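In what follows, a structure is listed as structure tokens, so that the remarks can point back to it.
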Amino acid sequence: MNETTGHVGLMDLHNLSSISGNGTTGILDIPKPINTAINILTITILLITMISLGCTMEISKIRAHLLKPKGVAIALVAQFCIMPLTAFSLAKILQLHPVKAITVLICGCCPGGSLSNIFSLIVKGDMNLSIVMTTCSSIAALGLMPLLLYIFSQGFTGLENAVPYVGIITALISTLVPCAIGILINHYKPNYSAAVTQIGLIIMMLTTIAASVVAGIAVKDVIWMIFMPDVVSVAVLMPLIGFTLGYVMSVICRLSPKCSRTISMETGCQNIQLCIAILKVTFSPQVIGPMFLFPLLYIMFQCAEALLLALCFRLYHKVKTPAGDTGSHKHVAVTQEEVKEP
């Protein structure tokens, strides 16, 4: 296959498979039953994740933040400016193959994920802002994600008409429905929210394990493609840049340290379940190859870096707090001695 054939194939989504046999992304021929099973498991994971996420949201808290939208607005700008620009820049700098580039762009343009809520809790962030931000970014992604993908795909020869916009919008809508169901459960049946979330977590873990095993078997011959230096570099740098710039932007906008830590976590954490669903369901195996597993590599480094930042914050907080407490204890002791004096 020559270079021209590859670019012509990219002009049409249905002909994207013409670029996957060049040794860059790997040829992947998954039997139809296995491919169907992976798709079903992937969609199941996404739906359960969004229902569980919805069960953590409260309409009153969402309304309160929307009435004072400064933090949410800054977080949205950070989410949909920093991460897409980071994905685009890394793809350009590392001169990624078109299939790798579109994978990275889709990951970078995804809204915030539910993991950001967990990490915000660990760094003692504003949990209300975190949950509202995840909600707002999921809704905003319905319009912003296709728009951003359209804009940034223009920077890669042949990708202009290769983005599956219909599939992406369908996937985004499919995330909003279960999320809305979760919100309604939490609003009308709040006593059931914890149980739904716990059961959902168990089902999600089992389904994730099953999907990982099936996917591992399906791509065992080409999975090494995921661990190529350019792909690993993106997986390492993208979340780290997101965490850092999200915090810096919040500080520049004079938000409180608590809100800044929250926006940092929200910016660097993508909705990986959505990303996998889009890559796996909207692209054929012959087109995407093993790159549909890139989000799993991304989430490994995302979690590792977020936990490292959380550990640094906890250590800093632990070192700083005793010093303040000591001064308070001394003040209390002196005051008590003064009281005892005649």
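Using the three backbone atoms N, Cα and C, a Cβ is placed for every residue, glycine included.
For 37-59 (among others), the entry in TrEMBL reads transmembrane segment.
Listed as Cβ neighbours of the transmembrane segment (71-90) (distance under 8 Å, sequence separation of 6 or more from its ends, same chain) are residues 65, 96, 104-105, 107-112, 126, 129, 132-133, 136-137, 140-141, 144, 148, 152, 155, 233-234, 237-238, 241-242, 245-246, 249-250, 253, 255, 259, 262-263, 266-268, 270. Taken from TrEMBL, the feature transmembrane segment covers 71-90 (among others).
Residues annotated as transmembrane segment in TrEMBL: 102-123 (among others).
Residues or ranges marked as transmembrane segment by TrEMBL: 130-153 (among others).
Annotation comment: TrEMBL describes 165-187 (among others) as transmembrane segment.
Residues annotated as transmembrane segment in TrEMBL: 199-219 (among others). Away from its own ends, the transmembrane segment (199-219) comes close to residues 28, 30-31, 34-35, 37-38, 41-42, 44-45, 48-49, 51-52, 55, 285, 290, 292-293, 296 of its chain (Cβ-Cβ under 8 Å, at least six residues beyond either end).
The transmembrane segment annotation in TrEMBL covers 231-253 (among others).
The transmembrane segment annotation in TrEMBL covers 274-293 (among others).
TrEMBL lists 323-342 with the feature region 'Disordered'.
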Against which stretches of its own chain does the transmembrane segment (37-59) lie, if we need a Cβ under 8 Å and a gap of at least six residues from its ends? 30, 114, 117, 131-132, 134-135, 138, 171, 174-176, 178-187, 193-194, 196-197, 200-201, 203-204, 207-208, 210-211, 214-215, 218, 273-274, 276-277, 280-281
Are there residues at least 6 beyond the ends of the transmembrane segment (165-187) whose Cβ is under 8 Å from a Cβ of it, and what are they? 43, 46-48, 50-59, 106, 135, 138-139, 141-142, 145-146, 149-150, 193, 196, 271, 274, 277-278, 281-282
